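*Asks:* Quick one: structure below, then a few questions.
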Amino acid sequence: MEKKLFGIALLLTTVASVLAADTNAPICLCDEPGVLGRTQIVTTEIKDKIEKAVEAVAQESGVSGRGFSIFSHHPVFRECGKYECRTVRPEHSRCYNFPPFTHFKLECPVSTRDCEPVFGYTVAGEFRVIVQAPRAGFRQCVWQHKCRFGSNSCGYNGRCTQQRSVVRLVTYNLEKDGFLCESFRTCCGCPCRSF
């Protein structure tokens, strides 16, 4: 009996560790090739459903979406409002200028680009649909600051290290038809480190 229980416990631990370390999860947002290699997984029906839900929130709060943040009236979503495309700038997504990265003097060459993620993996490794509702006036953007690999600007005794930061974005729960404010990791800088 004890051997059976031990075997079941070992199996559950293995399954949990495999699920926790999802190999599909990329380093940064917007790097996902899509589930099973598909580049687009958010169907037109889901997009329309999200648009209608965002429009309902905008009408409920009396906010058009083109002025103040649609979700700013709710304290839980206040953190998510700063990544709206109309207000976010590249420096908002940089991390190495702030603690604990101020001690890095050099930065490797960085490729900077903006993106509008439609899905991604949370910091807990859970797959989520990220809210993008352009018709309702709500779009979320992040700026990626990724190392240009192959650069040798750290000198002979260091190497480029990709730093990531956590951003809070509005997601849509399809099962419960509701919004959440969740954390995702995104690339934010590339300091040189000596090893």
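Any Cβ shown, glycine's included, is placed from N, Cα and C.
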*Asks:* Tell me which of Cys115, Cys190, Cys192 Swiss-Prot records as disulfide-bonded to Cys154.
*Replies:* Cys192
*Asks:* Look at the disulfide annotations in Swiss-Prot and name the partner of Cys141 from this list: Cys30, Cys80, Cys85, Cys190.
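*Replies:* Within the candidate set Cys30, Cys80, Cys85, Cys190, Swiss-Prot assigns the bond with Cys141 to Cys85.
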*Asks:* Check Swiss-Prot and name the cysteine among Cys80, Cys95, Cys108, Cys115 that pairs with Cys160 in a disulfide.
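*Replies:* So the cysteine paired with Cys160 in Swiss-Prot is Cys108.
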*Asks:* Which one is it, Cys147, Cys181, Cys187, Cys188, that Swiss-Prot ties to Cys80 with a disulfide?
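*Replies:* When Swiss-Prot is consulted, Cys80 turns out to be bridged to Cys181.
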*Asks:* Identify the disulfide partner of Cys147 as annotated in Swiss-Prot; candidates are Cys30, Cys95, Cys190.
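*Replies:* Candidates were Cys30, Cys95, Cys190; Swiss-Prot matches Cys147 with Cys190.
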*Asks:* Quick one: Swiss-Prot says Cys95 makes a disulfide with which of Cys187, Cys188?
*Replies:* Cys188
*Asks:* CB neighbours of Cys85 (disulfide bond) within 10 A?
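*Replies:* Excluding its own Cβ, Cys85 (disulfide bond) sees 14 Cβ atoms within 10 Å.
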*Asks:* Sequence gap of 6 or more, C-beta under 8 Å: which same-chain residues meet both conditions with respect to Cys154 (disulfide bond)?
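*Replies:* Spatial neighbours, sequence-distant, of Cys154 (disulfide bond): Leu106, Cys108, Cys160, Cys192, Arg193, Ser194.
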*Asks:* Let's check the environment of Cys160 (disulfide bond): how many other CB atoms sit within 10 Å of its CB?
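*Replies:* 22, counting other Cβ atoms within 10 Å of Cys160 (disulfide bond).
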